[in-house]
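Below: one structure, written as structure tokens.
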Amino acid sequence: MATKTHHCAKCQQRATVYDVGGSKCDSCFQQAIIHNFKTTISRKGLAQFGDNVGVAASGGYSSQALIDLLGRSLSEREDGKTSRMKMQVTIFHIDCESPFLSSNAGIEVIQPLAAKYSFRVCTAKASHSCQQLWKQVGECLAWKDVKDIGDLEELSRIVVYRMVAFLAKSQGCKIVFDGLNASSICRNILTSISSGNGFAIPFEVSPADMSRRFFDISIHHPQHDITDRQLIRYVWMRQIGFIAPNLTLLGPTSSVDSLTVSFLKDLEEQHRSTIPNILKTSSRIVVPLQFSHCSLCRVPVGSNGKFVSTCTKVSEKNDNEEQVHALLCKACQHRQGRMSMETFQSFLTSLMVFDKALQSQDNE
Amino acid sequence: MKRLCSHCGKSFANILVGREDKYLCRCCFFEYFEDTVHRTIVEECLLQPGERIAIGASGGKDSTVLAYVLKLLNERYYYNWDLWLLSIDEGIQGYRDDSLRTVEQNRDDYNLPLYTLSYSELYNWTMDQVVSQIGRKSNCTFCGVFRRQALDKGTEKIQANVLATGHNADDIAETILLNLLRGDHARFSRSVMEENANYRMSIDSDSKKIRRVKPLKRVYEKEIVMYAYFKKLKYFATECIYAPFAYRGHAREYLKSLERIRPHSISDILYSLSCISLEDSKTRVGQQCIRCGSISSQNICKACLLRTSLDRGQGVLAVKRSGMAILSKNTVESEIPQTVSESSTESNIS
């Protein structure tokens, strides 16, 4: 029985990728991804000509694809014309050890790719302040005290993003691109809804950072319209190295995040338009004009008493004893209930001190 | 190891209320459950004293518990509600005929009047006949639309002011997720607005809009099951034979897995809903269907369109978006000349 050969919808060559937009050959698929990437940056105003841009890279396939896409967008085009995009790019990598971060594997895959496009690489170990923060947080947070794997993942993420913001500030970058793609944005939307943080959804779904979570630093998501499946395919086609996720802790029901990821993957197999549907519906939610930030995770929180409760008094002992009130989102309130009060409070205190340092750096 | 009840501290606990991490004895659990329902009714002004209330009764655990609790609260607080059981027979053999027997048992046990309407009476179609025409996919679309209208008609027939349904917190959370996953923005925004009590529909003054309330909206499905079990209430516990293929199953599966990891997820989803505000969509103007007189946003209501599609043997078209547009256009075009000629005939006669 003869097998049917599919042809690329654009150039009629033999198709190798069967995507939502139609069959494509390798070359047209890559062009489509680059076009999508550049369009998101220009239409959403994520960066302007000549901007100093940082890239938060963990070494995973998403951030590796981001570096490669950015490099190709800024390089000379294949038809010999100069690229219209021009940016100074610095790659930030947090290489401190934790249950979720391995210090060496990420940098080994990032450096060759960065060198290919002449991007500078800046690591946390090279920054004294970041090392101090990590040491402080690591000492006060007894990781074995945190029994919920979802909390472990989230707390690591909270610290890593702050360190990226600090590194970006020290290098003079006001804009940072991270590797969040359409699938991970949908995962964040579902976990926000299920943890009581519905208020943050319009901020999660937007490719541009409207929440000003880290004061002057904006963390944008230029891969907003590209799914996991497309990125993995892209990375495989371009033969880009990446580090695989830590699977020992990521069973499908080990945490809310991993449950959501496996649910979305299964659903996408049966209903291909799931990811675009979620993004389309969520984008209709109005962005609130007035909001504050959770003191722990920096997620936007409603300023109306209905949405938020101030519930933690953290004492910060300087020369004068000072009482500091913290604002917590719903998810962090639950997190507080799952950890010991002492651990939670000391962790929160060190983060608030770090935020003060980041803010005072803004004012200088 | 036996624990003492967190509330009274005297008896041993039988039940864990997962979302509040409380261990309760039987009596305290009954009190907690009934109090939650009563607070929902009072705080959200769902029901007024002296009203005639139609309780959508399918014979399942939700409607059985709802009927029991409303009767209990009525006697306890002297609300003087006139409670009626309203049951819809979809015509599903091996499922609905058995559950109707349970509803009749409830009528006798709780001493409440019962009114039953069937699809065959209203639409000349049973669900078994519908499925034989369209197959097992998208049959919930027909059943849902028909049932909604049937409940409205039944409520009108018994002259009730309000229709109470047994939707619980799990159902509402599932609906939110379902509409989000399917990208159904219209239904998603309606469920957000209904939960935030902002839903307004412009209606004519003499329109017959039935008020719909969900007194069990803050109660978890597990709590309903435990309440029915400990109170030894009789209910019909089998899933609809056509349900396994519904899209809602995906949202339900996700929600159940989520609840196992974080028991408070369901109330967190409802809380998230209260934090969301949506773009101003056009206010839908309610008008009357030119065929059956039910409230509809179009000239002809969805139930009449679906029924027309079945009568013409085009049931499958009705569940496709492009098919619906064609069907709607053809039906409206064929209806309007008919109504114009009817009205001109009437004026000639007068």
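Yeah, the Cβs are placed from backbone N, Cα and C, and that goes for glycine too.
Site annotation (TrEMBL): ATP is bound by B:Gly56, B:Ala57, B:Ser58, B:Asp62, B:Gly166, B:Asp171, and the candidate from B:Ile88, B:Ile92, B:Ile134 recorded at this site is B:Ile88. Take the CB of B:Asp171 (ATP binding site) and look out to 10 A: across all protein chains shown you find 20 other CB atoms. For the binding-site residues shown (B:Ala57, B:Ile88), fewest C-beta neighbours within 10 angstroms: B:Ile88. Across the domain 'Cytoplasmic tRNA 2-thiolation protein 1 C-terminal' (B:287-313), DSSP classifies residues as 10 helix, 4 strand, 13 coil. For B:Gly166 (ATP binding site), the Cβ neighbour count at a 10 Å cut-off comes to 24, with all displayed protein chains included. Binding-site extent for ATP: residues B:Gly56, B:Ala57, B:Ser58, B:Asp62, B:Ile88, B:Gly166, B:Asp171, maximum pairwise Cα distance 19 Å (rounded to the nearest whole number).
The Cβ of B:Gly56 (ATP binding site) has B:Ser63, B:Leu86, B:Ser87, B:Ile88, B:Leu151, B:Leu163, B:Ala164, B:Thr165, B:Gly166 as same-chain neighbours under 8 Å, each 6 or more residues away in sequence. Cβ contacts within 10 Å of B:Ser58 (ATP binding site), excluding its own Cβ and spanning all protein chains shown: 22.
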